[in-house]
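Input: a single structure, listed below in structure tokens.
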Amino acid sequence: VMASMAHLQKEKLRLQEELLELQEKFAARENDKLSLSLQLQDQVETLKEKLLEQAQEISRLRSELGGTDAEKHRDLLAAENERLRQEMKACEGELRELRRQQQAPCRDCPHLQENAGLQEQLSQLQREAEETRAKLVELDLEVQQKTNRLAEVELRLKDSLAERAEEEERLSRRLRDSQETIASLKSQPQQIKYIIKTVEVESTKAKQALCETQSRNQYLQEQVGMQKQVLKEMEQQLQSSQKTEAQLRAQIMMYEAELERAHGQMLEEMQAMEEEKNRAIEEAFSRAQVEMKAVHENLAGVRTNLLTLQPALRTLTHDYNSLKRQVRDFPLLLQETLRSARAEISQAIEEVHSTNRELLRKYRRELQLRKKCHNELVRLKGNIRVFGRVRPITKEDGEGPEAANAVTFDADDDAVLYLLHKGKQVSFELDKVFPPQASQEEVFQEVQALVTSCIDGYNVCIFAYGQTGAGKTYTMEGTAANPGINQRALQLLFSEVRGKAADWDYTITVSAAEIYNEALRDLLGKEPQEKLEIKLCPDGSGQLYVPGLTEFRVQSVEDINKVFEFGHVKRVTECTNLNEHSSRSHALLIVTVRGLDRSTGLRTTGKLNLVDLAGSERVGRSGAEGSRLREAQHINKSLSALGDVIYALRSRQGHVPFRNSKLTYLLQDSLSGDSKTLMMVQVSPAEKNTSETLCSLKFAERVRSVELGPVSRKAELGSWPSQEHLEGDSPGSAAPPGRGHASPSPGQLSSRSASIRRKLHTSG
């Protein structure tokens, strides 16, 4: 309770201080208003006084001039002046009307600015005059105060002189009384001595009277001593009074001298002011005479000019009427001029727009040509092509500043994007950038050329890279209603195969695997938990294959859907803080296309690797614990190994560490120069993910600079095995040359293929 009371007391004091501050501000505003009103009143009073002084000066001049002929001329001039004033008022009214009609052009008139400057100078001169008057008033007050002080000093001096005279009179009376008493006392002792001498022989009564007389004599002597002492004191007082009188006389003389000096100064100032006044009057009179003479001359000139001004006045009236008509017709002329100006401006703008459109069209055409040449150069060099795709902001990103969009795009270049990271904008240039509104169809149109080259016998690898929740699985797999690159690639392959069915025989097989916790698992096998190994082909070709990895032949889109469903069910996904269905493994879809030209016997083998990498993530943000933490550690380790491989390829090192991870070892064929490789980097535009987005884009730029060299085509002449051999139904079949992986044994392959086929037919 005490703490709350103290808090309330502090709050009360704070409110009181605020109230006092507001009161002070209010008082200051009231004082400002009052001072402003007083200044305005002073200015008004000053102007009134000036008007009165001018009126008095005019009346004085009239009284001095008298009723001469000048008054008659003055009356005539006044009448003429009144008539001219009326004409001037009429002209001013017409001028105000013209200004009202042409208000906009006259706002910046130089005369108004000059008038404003003159008004400021006039106000400054008025302020200086007010200051001079104030100083003069102060001097008058000072002289008046000195005069009053001098009068007071004279009064005090007179009073002190009167008191001094009274004191001297009183002392003189007391001195006379004392002298008389002393004289009377001096005359008494002789009689007393005589009486004493005569009484010595008398009786006791005489003795008694003698004693009394002696005692009285002693008393009188004491009185005489006292009177002498009083006399001495009076003499001392008289001396001090004389000294005081001398001092007072000196002060009086000093005050009289000062008074005479002040009186002389005052007389001099009054005389100077009187002379200045007389001089001003003489100057005003002479000036008035000169002006009157000039007025007479002007009047004569005006009278002569009036006769000559009538035709000029008629001309001016005619010009004024024509000007008035022009002013009346001015809005129409202005509208016509504005209309023509607008037409010219719109025509010029249209010409500029057409020129800009033509330049923009040429620029875009040159940009496309440059992009085409760049892509051809990339193809010849064997660079890894890098596409970027930005997913849209979703409700999982939340709200507020953390969910703000930090990624922007270049309107003229679809290969550039900008990332706002820690207040700085960083630009990245890739081979192609897809904005959030890009559809799956638009993305696939850019990669379908790579997919179709698989039919011609080239190895192709497309892998998606990015953080968790950036949309990698959506880009690669998609949904049932809107499939991704995997399903669209196989559909395109079937379409191309059907188009070449007249001359070629093609067989398409599909394998699906995942790398989970650095273990390779078959997603289409009976035992998905079985760990597989990556080995070199024993034929000495240097190619890699996976013994025991199930291959399944697909012949239609329905087979593709069933394979995808079967593999998707077995893939490991879990829920994390970053993604509800987070991929916890690297998924690989291996499509092998074998072709035979029936006319020439040419055989081609192409392999399409579609890789959906697990997302890179920070363990603290994903909230991974236990087995999820171990999965995240393996994912980050394999992605770090991929980064080491990219760095070694980019710096052209002699040794490339492909075997540091199962992921890089399996992608060795795609990253070692014998494959057309495309990386699809997926980024999140949310502000909270800018650190991961920055790392992904920097890694994409490093990958883009890797040159793998020209790609070779896998084609050879020879006999083509039977269909049963391709399906693996006949015992003793061997893997065809150039194949990336082979079955461990014929019986095992036959049994797994038959089992998968039965499951697919059952689900169908």
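The chain as shown is numbered from 1 upward.
The backbone N, Cα and C atoms fix where each Cβ goes, and this holds for glycine too.
Checked against TrEMBL, the range among 231-287, 345-401, 516-572, 630-686 recorded as coiled coil is 231-287.
Looking only at the coiled coil (5-188), the predicted model's pLDDT averages out at 71. The 10 Å shell around the Cβ of GLN467 (ATP binding site) contains 24 further Cβ atoms across the protein chains shown. Neighbour density for THR473 (ATP binding site): within 10 A of its CB lie 24 other CB atoms from the protein chains shown.
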